[in-house]
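Colleague: Attaching a single structure in structure tokens format; questions to follow.
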Amino acid sequence: MIFCSFLFYRNLKHTRKLVDISRNNHRFISANQNTANFNAKAPYFSRYYCSEWTEDVEYLDESGSVIYSGKGIRSVEPGVDDHVMVGGLKKPILNASAVAKLVEIVKRWKWGPDMETQLDKLQFIPNMTHIMQALKVMEDSDASLSLFRWAKRQPWYKPNDACYITLFDKLNQSRDFDGIQSVFDDMVLDSGENGASLFNAYNRVIQYLAKAEKFEVAFCCFKKIQESGCIVDTQTYNSLITVFLNNGLPYKAFEIYESMEKAGCSLDASSYELMIPNLAKSGRLDAAFKLFQQMKVNNFRPGFGIFASLVDSMGKAGRLDTSMKVYTEMQGFGLRPSATMFVSLIESFVKAGKLETALRLWDEMKKAGFRPNYGLYTMIVESHAKSGKLDIAMSVFSDMEKAGFLPTPSTYSSLLEMHAASGHVDAAMKLYNSMTNAGLRPGLSTYTALLTLLAKKKLLDVSAKILLEMKAMGYSVDVNASDVLMVYIKDGSVDLALRWLRFMGSSGIRTNNFIIRQLFESCMKSGLYDSAKPLLETYVNSAAKVDLILYTSILAHLVRCQDENDERHLMSILSATKHKAHAFMCGLFTGPEQRKQPVLSFVREFFQGIDYELEEGASRYFVNVLLNYLVLMGQINRARCVWKVAYENKLFPKAIVFDQHIAWSLDVRNLSVGAALVAVVHTLHRFRKRMLYYGVVPRRIKLVTGPTLKIVVAQMLSSVESPFEVSKVVLRAPGDAVLEWFKKPIVQQFLLNEIPSRADILMHKLNILFPTSAPEIRSLSPPKPLVTGKAI
């Protein structure tokens, strides 16, 4: 009995000890959410972690009966035991339990020394599988990163590709790209120190950074893994290429592509779909087309995007044959062109001027069921209009209106201007009225074209109406009105020009002095002297300066005038010029008492006041016309003075040539009839003095007259029986014969006094022999040397 009590007491003591230990271990088991039962007899004595068996222990119930008998245990040592005891068997710790414990600690402590202390007290030794599975379970990226950094400091840590990928996935989900970059740097060190293959993790990092538009960081990581010798996969290359293209850095993308080729990385379908359109859009058409051909060789089927980009880019670059070839090939693949592709093709052919092909594509587009847009209608209409194909342009224009599109002012203008250029007044006016009724404002070029057309058609009233509408639109109409006036002037419609000028004045529209002068000269040519004088007065009163050419042209009209009434008008017009040459003309015909100086001095004084650098040609023109006038008026001595002074001032420097004793010559081809006659008489007088007084006799003397003046000069000299023989363009005679001729008294009187004024010599064919105003040699610019090879 005593023995039984002792046994019970001993067993009870052990039982309490076991229960206490069991409770402690049960709490640990509960924390890990895992329970292990030894057997059905003692469920509450179960322990999860056990180590070694010690002495035998009997477990009694309350009545003292033995309910279990077995060896005792010792306490578990953290970080040493890697198994549990199930009965008498050692069982390894389950991964799920280990992972759950890791997750529990990290979730509770998050990060910092407390968490690391708890992890250091783990009653088992984790491995990289536990870490990787724990990272997959946890949602907090900061906690995951803390667990990973703790694991890296453990002696059992080994770099693991899958572990890094899991961590990068977590960081990417939380958009923690700074964390990704930091872990990437650690990974590079791990790979270098341990020689671990982290191929997938490397590529995953670059892909995540590229998709997040972190192209600078992504490219930096790309360079690092290239330097480390790691292989970059196709998907990573594509990610980098995509991010650079999306950020407007095509050349950087092509650099990545070249690295891809050097690495021997084969392109897949997505690579082709990515590169070809971007190469095409960036202008590297040859490279794009080469990849396109390579893609087909490698049995990849090009997508619509590739065809569309090539068709568009080749067309815009002017490589129309290649563009059409790709377009046809696309149809061979069973792909249907889009509306955008049709538009691109049509635009390319229109810009290249190949309107027939553009029109064929236009028809194909409509047959395919696509409705041309506003811009395409406009382009087709304007291109055909500008090329002169007005029938097609008007047909498409009509379709455009029926389709409900309101044409732009540019479309109206192109049609209207081409109709105007073609002289189609009715069509142009119809378009103009349609344009204004639609509330559109015609442009300046449109108004200009329309007004020019109406002016050419001499529709003055309609032109005035359009000009006033243009003015009401807010345009400055002075230039356009002047242009219309010039059209009438150039066309010789002086009456219309004068009517238009009166309309301009009544409407407050001004013109310029150049046009006033042109109209004045037109009136002079037409003999409208009454209308010409007010124009000249307007010209002079507007501070415009009448130049010597204009004055001379009026004088030329006076030379040809045969009506006394017209002569009075012309003299009045000459006076209205207020030019200094008119004062010279008036003084030339007065007596010496009024001039108070001889004629020769008076003429010299006038010619000294001429600026020969600017007016040399105008001065020659003036001398020619003035000598004509003086000869006709019988003022031979005055004419000789004018010729002498003109020659002294080198206005005709090559007229007289002394070739020593061989030949003397006078060239009058560039002179008017009156100037030629005066020059011949005065020069022969000079030759006579040299030969008789100085004894110099040349072998021959020539008078170069040209075909026009030959007859007049020959007739004049024949009246005094000259020895000059007439050839085609020259009158020539031996020097000795001329010397004998000079000795005759009649010749001396002829050369000294006057030119015979017989009507059959000087006055025949008056309107032919004497020069006109010669407007073709006049301009407001510094005059060119006057050339009057033949008198008119």
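Glycine is no exception: its Cβ is also placed from the backbone N, Cα and C atoms.
Any TrEMBL annotation is an automated prediction that lacks curation.
The following feature annotations were taken from TrEMBL:
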REPEAT    233-267  repeat 'PPR'
REPEAT    268-302  repeat 'PPR'
REPEAT    303-337  repeat 'PPR'
REPEAT    338-372  repeat 'PPR'
REPEAT    373-407  repeat 'PPR'
REPEAT    408-442  repeat 'PPR'
DOMAIN    666-742  domain 'Smr'
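Could you place the listed features in the three-dimensional structure?
Modeller: Packing against the repeat 'PPR' (268-302) from elsewhere in the chain are residues 234, 237-238, 241-242, 245, 250-251, 253-254, 257, 260, 308-310, 312-314, 317, 319, 322, 326, 333: each is 6 or more residues past its ends and has a CB under 8 Å from a CB in it.
For the repeat 'PPR' (303-337), same-chain residues at least 6 beyond its ends with a Cβ under 8 Å from one of its own Cβ atoms are 272-273, 276-277, 280-281, 283, 285, 288-289, 292, 295, 344-345, 347-349, 352, 354, 357, 368.
For the repeat 'PPR' (338-372), the list of distant contacts is 304, 307-308, 311-312, 315-316, 318, 320, 323-324, 327, 379-380, 383-384, 387, 389, 392, 403: same-chain residues at least six beyond its ends, Cβ to Cβ under 8 Å.
Mean model confidence of the repeat 'PPR' (373-407) amounts to 78 (pLDDT, 0 to 100 scale).
Distant neighbours of the repeat 'PPR' (408-442): 378, 381-382, 385-386, 388, 390, 393-394, 397, 400, 449-450, 452-454, 456-457, 459, 462, 466, 469-470, 473; these residues of the same chain sit at least 6 beyond its ends, with a Cβ under 8 Å from one of its Cβ atoms.
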Colleague: Based on DSSP, tally up the residues of the repeat 'PPR' (303-337) by helix, strand and coil.
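Modeller: Summed over the repeat 'PPR' (303-337), the classes give 26 helix, 0 strand, 9 coil.
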Colleague: On the DSSP side of things, how many residues of the domain 'Smr' (666-742) fall into helix, strand and coil, could you say?
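Modeller: Across the domain 'Smr' (666-742), DSSP assigns the residues as follows: 43 helix, 14 strand, 20 coil.
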